Amino acid sequence: MEKIHATTVVAIRHNGQISIGADGQATLGNTVVKDYVKKVRKLMEGKVLCGFAGSTADAFTLLERFEEKLNTYAGNMKRAAIELAKDWRTDRYLRKLEAMMIVVNKDELLLISGTGDVIEPDNDILSIGSGSMYAQSAAAALKKHATHLSAPEMVRESLSIAADICIYTNHNFVIETAVA
């Protein structure tokens, strides 16, 4: 059976704001099965935001584990991310999960992968999913040449450019901005 997957998630820090957004399309093989899937979630009363790409069931499993880690470590996002990455890499069950996550708060952007990586970007941009390279390229250009835009506006424009190019990305966006 084919998996439901494919998406674009992008996060940007710009002028003191951090925003994250994702498109809403879910596909099964080469067929669109749903136009609006919410792939960005608020955690810790909106203080932490999480975007995910990959197998939906796997992503939700990881999201639940990440939320548990956030609670265990009193909202310390970086510590929770590192502990999740350790578990993800070493646990026999979790190791088989096929998803990636971007987590953000008012200060940090982190990418968490199943290979045990927790990556903090040098350029204040992270992206995952099928249209990630289009969104990341657009975000880099916007940060360099459209500095008057806010972080949420840059996320929207980056996703829009990715959706124009990537067949697995649509224009139904959910965009959130981290709060203090």
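Glycine residues also receive a Cβ, built from the backbone N, Cα and C atoms like all the rest.
Fair warning: this is a prediction, and the values are worked out from it, not measured in the lab.
Copied over from Swiss-Prot:
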ACT_SITE  Thr7  active site
BINDING   Ala163, Cys166, Thr169  Na(+) binding site
Specify the nearest of the binding-site residues Ala163, Cys166, Thr169 to the residue listed as 'active site', where nearness means the distance between Cα atoms. Thr169
Does anything in the same chain, at least 6 positions from Ala163 (Na(+) binding site), have a Cβ under 8 Å from its Cβ, and if so what? Thr8, Asp23, Gly131, Thr169, Asn170, His171
State the count of C-beta atoms found within 10 angstroms of the C-beta of Thr169 (Na(+) binding site), not counting that atom itself. 29
Beyond the site residues Ala163, Cys166, Thr169: chain residues whose C-beta lies within 8 Å of the centroid, for Na(+): Thr8, Asp23, Gln25, Ser130, Gly131, Tyr134, Ala135, Leu159, Ala162, Asp164, Ile165, Ile167, Tyr168, Asn170, His171
Test of understanding: give the count of other CB atoms lying within 10 angstroms of the CB of Cys166 (Na(+) binding site). 22
Looking only at Cβ atoms, how many others are within 10 Å of the one on Thr7 (active site)? 28
What does DSSP assign Cys166 (Na(+) binding site), in three states? coil
